[in-house]
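The block underneath contains the structure these notes are about, expressed in structure tokens.
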Amino acid sequence: MNICMRNGYEQFSLTSPGTSDLEIGGSFWKDEPDTKYLCLDSPVEQRQHQPPMAVCAGCRLEISDRYFLRVNPNLEFHAQCLKCVQCSRPLDENQTAFVKNGQTYCRDDYRRLFTTRCSRCHGDFDKTDLVMRAGPQNVFHLNCFACVACEKRLQTGEEFQIKNNSLYCRSDCRGLDNPDTSASVPDYSKLNNNNNNDNNNSSSNFDEDEWDEERSTLTSLDNNTSSPLGSPKSDGVRTPLFGHHNSGSGGSTSSCGKKKKDKQATRVRTVLNENQLKILRDCYSINSRPDATLKERLVEMTGLSARVIRVWFQNKRCKDKKRQIQITENRLNSEREEVLNRVRVNGIGPLMVQPATPHIDNTLGGPIDIQHFAQWNGTPPPPPPQYGNPMMFNSPSTFDVSVILAPVAPNVTSPSEALGPLGASVFPHFSPQHAPFTATSHDISSPAPCGE
């Protein structure tokens, strides 16, 4: 019987064990009716026939065991890897598991870590319990939904407030020591009537040179009427004369600094009577920035100089601007403080008691059954193939005759014709002239007695 091996392309004639020679065929593919072909699958083909191995979600290794445990459609574990991440309690198909963020928990740890508890007694809720809700996060038992001060049970429709996670009824919340916010709220009536209070005085002191200190923020509208201090244009204004300041140009920096110190030491004030103040305020209410024509009329009506009128309007605009900024800041601060006080006392405003509802926590998942699966049926899969040299046999007795294929037809002259459609893929470029035939008669011998 002739046997053809893949990857070697040799053909041998096997004789009985009693003979001492192994005849090598004269031609490579002889038409002999007893010729058999041995076809072994390649390692790549063996790998393709194997089913994909499952990966354990606990140890991240392939599951080579015959049986494995499955939790959820995409979580598979070794039997020894499925356990609670908190208490390391083993889980099997006789129990239920809970999954949160890809981690498995037992029932006790899952309820302890993730279930909603009463905001007052910190107890658990049963599925049949009715609960009272105070906002999105505070949940109470029916008996726990009461004022902590008077222990009054709150009914549907009553108002309540929450402070420091404690529940208060409306009457007890009013008695709490709330921060006083009245000081931060400005008195708009006083701010708006500051100008009217000056009418009660028979005279008013006006600082003529006050605007010089704020010259960087506002600009003068009447540059033609501006004149240095001590000029003869300031009619009706008591202005002391300083000889060393008025004589010369006074251009040096040291002289300017000395002049400013002297001016701060002796400030000139103009006294305005009630009639003059009334005329200026009435004009300011109509037009806060009078032009040159209007200023000339004011000079005639009040008897004041143009410079005094210009400085009075500039000071008035600056004071009103500062007052408006202060009012806006006080209003924003009072609103912010009021919101913070409301949050510290009752969260977001006074709350209304709603009817009791069943306790349903949609954020928690239900229990998941653990299923026991077999990774393959019957015998286990073969071990991974070993890549290396072609298979060689030490003796003819090591062949498994059960894997030998069909006999060769008489007119077959090549392995591809002998194996049919499979032969073209197994021996795609086979040629008898280029066969790696190197065996000789003394390379392989028949079994012999131990004496040899």
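Any Cβ shown, glycine's included, is placed from N, Cα and C.
Checking Swiss-Prot for DNA-binding region across the ranges 85-144, 265-324, 385-444 points to 265-324. When the ranges 17-46, 347-376 are checked against Swiss-Prot, the one recorded as region 'LIM interaction domain (LID)' is 347-376. Broken down by DSSP into helix, strand and coil, the domain 'LIM zinc-binding 1' (54-116) contains 8 helix, 20 strand, 35 coil.
Shown for the domain 'LIM zinc-binding 2' (117-179): DSSP residue counts in helix, strand and coil, namely 5 helix, 20 strand, 38 coil.
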